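To start, the structure itself, in C-alpha cells.
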Amino acid sequence: MVVHTGNRLNKLRELMKERGYTLYVVPSEDAHSSEYTCDADARRAFISGFDGSAGCAVIGETSAALFTDGRYFNQASQQLDENWTLMKQGFTGVPTWEEYCTQMTKCNEKVGIDSSLITFPAAKALRESLFLKSGAVLVGDHDNLVDIVWGASRPKEPLEKLIVQEIKYAGLGVDEKLHNLREAMKEQKIEAFVVSMLDEVAWLYNLRGADVPYNPVFFAYSLVTLDEAFLYVDERKVTPEVSKHLDGFVKILPYDRVFSDAKNSNLTRIGISSKTSWCIATSFGETKVMPILSPISQAKGIKNDAELKGMKECHIRDGCALVEYFAWLDEYLNSGNKINEFDAATKLEQFRRKNNLFMGLSFETISSTGPNGAVIHYSPPATGSAIIDPTKIYLCDSGAQYKDGTTDVTRTWHFGEPSEFERQTATLALKGHIALANIVFPKGTTGYMIDVLARQYLWKYGLDYLHGTGHGVGSFLNVHELPVGIGSREVFNSAPLQAGMVTSNEPGFYEDGHFGYRVENCVYITEVNTENRFAGRTYLGLKDLTLAPHCQKLIDPSLLSPEEVKYLNEYHSEVYTTLSPMLSVSAKKWLSKHTSPI
C-alpha cells in the first residue's frame, strides 16, 4: 500500500528551514541501534511510507531519497510514492546515504540528525567526511523532527512487564556474566562499559521483555564498572520477581537518568560498542569513550551448553509444527480448498502455539505465493493478501520464540508441477545450501570467507541473490544477531566463526514478477575431528538444527553429485526418525512420503 507523504514532507521541511538544515537524515534504527523497532520508533516508515526493516531516508528542500539494500528493492518500489527516489544500495553508481549527504551539500550548510539515532563511530565518520568533501556540518539534534510532525498520533511507547529467563535456559547466572564482563574490561583496561544494545542488556541480566515486536527485549541501558552495575529502565516494567532476581547485583534507576549520570560521571576510560549512539558518547564526553568490540556480543554469540540444548530441543518441536502445517496445507489445497497467504500464516502460528514453551513469533511470517515470493521480505497483508495458487511456488519463511530458544526456517514448496527453470534454480540454490552444510574450515575463518560456497552454483549460470547467506540467531532473543553471520558485506569479516555460535544457512533465487525460492536451516558451529591438523589448527563445521523436509518436486537429481544426494538422504532420514514419533497420523504419513530417498 502506498502512503501519500507530501503533507508530512512539507511539515518536516518547515522545521528544517527553521533550524537551518539543508538535509535531514531519518535512519531506521531506534536509540539502541535496533534493526527492528517498536511502532513509536518507526520514524523512517512514517515519513517515507516504506516499512521494511532496513533503510535510511534523506530529505532535502526539494528532494527525498530512500536508501535500502537488495532485500527490499521490490517492496520499496511498491510502497514509495512520487515524492521519493529509491536509491538501490550496492548498484554501480549509486551512492551510500553518507556519500549522498556530501554530494548534496556545500560549505557551512547543515545536515541534521537525531543524535540518539546514529552510532558514535558513524557520526564521527560522517562529520569528518562532510568537512573534507563539502565543508558542511553535521548537527546532532536532541529533538526528533519526525516526532514533531507525527504529533499526537505517534504510538505510545510500550510498558510491558519484564520476565526472568530461568537459569535452566540461560545456563549462566547474572553474577557469572558480570564477573566475565569485568574480566574482559580489565583486559581492555577500561573502567566501565556502557551496554546499549537491547539484546545485550537482556542477555546480561537474564531478563526478557516485549517492547519490540517479535524480539523479547526491553528499553534499557546499563553501566557496568569494576565494582558496580546500574540498569536504567522504566521502573513501571519491573516486577517484584525481577527486583528479587537482580538484588545484590545491580541498582535499578530510571531510564532517562542515564544521560545526566553520564554527564556527571568522573569516569575517564569508558568502553562502548560500535553500536552506541552519538548522544550517549557526547553525554560521557567524546574523549572519554573508547569504541571496542562488545565483550557481551562475543559471549552472547557463543551459546553455552544450556543454550545449545535449548536450541536443539526447540528446533525439534518447531519442526513438528512446520510438518503438521505443510501436511495440512498440502491436503487442504489439493482438496480444492482456497486460503490466502495471511490466513495460512495464521494457521502455522496456531500449530506453533500448541507448544507450552511458545512465547510468540520471532518475526512476521513471510507467506508468499507466486510473484510475491520474489519480494524477499514480503509480509502478507491482513486484508487483501493473495490466494495461495497450488500451480505456483509457495515460499514460507517463519520462526518462533520459545523459552528455550529461537527458530528461523524457510521452506519453499510446490503443490503442483514446477517448471524446468524453477527446478533448476531451486536445485542450484539447494546445492549451495548443502555446500555450506558440509564445509570444514579452520578456526579463525569468517562468514565473509565462506559466503562464496553458497553462491557458486548460481554464479555458474550467471545468477545470484541480493541478501546475505546467514545471520546469527539468539537464544530466546533477536532472530538476527550480530556479529555472527555469513555474507559478502564487510560486517561478516569482523569476527571469526567459533564453536557454539548459531547462524542460518539460507541461499535462494528470485525472479521478479514470477517466483522466489529460499532454503533456510539454522545451524550451530562445532569442532570437527579431522585426519590432520595443519599448523596445529582446530577445525570447525556446521551441524543442522532445523529439521524439516525439502520439497523434492523442486529438486533436479541430475544436477546433484553423489555426495549431495547422500547428504539429502541422510538429512531426511534424521528428520523422519526425530520428528515422526511426535506427529499426528496424517502428518507422519505425509512426512514419510516427503523424506523418501532420492
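Just so it is clear, glycine is given a Cβ too, placed from its N, Cα and C backbone atoms.
According to Swiss-Prot, the features are:
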BINDING   Asp397, Asp408, Glu520  Mn(2+) 2 binding site
BINDING   Asp408, Glu506, Glu520  Mn(2+) 1 binding site
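Around the Cβ of Asp408 (Mn(2+) 2 binding site), the number of neighbouring Cβ atoms within 10 Å comes to 24. Glu506 (Mn(2+) 1 binding site) and Glu520 (Mn(2+) 2 binding site) are 4 Å apart (CA-CA, integer value). The separation of Asp397 (Mn(2+) 2 binding site) from Glu506 (Mn(2+) 1 binding site), Cα to Cα, is 10 Å.
Within 10 Å of the C-beta of Glu506 (Mn(2+) 1 binding site) there are 26 other C-beta atoms, taking all protein chains into account.
Take the CB of Asp397 (Mn(2+) 2 binding site) and look out to 10 A: across all protein chains shown you find 24 other CB atoms. Counted within 10 Å of its Cβ, the other Cβ atoms near Glu520 (Mn(2+) 2 binding site) come to 24, all protein chains included.
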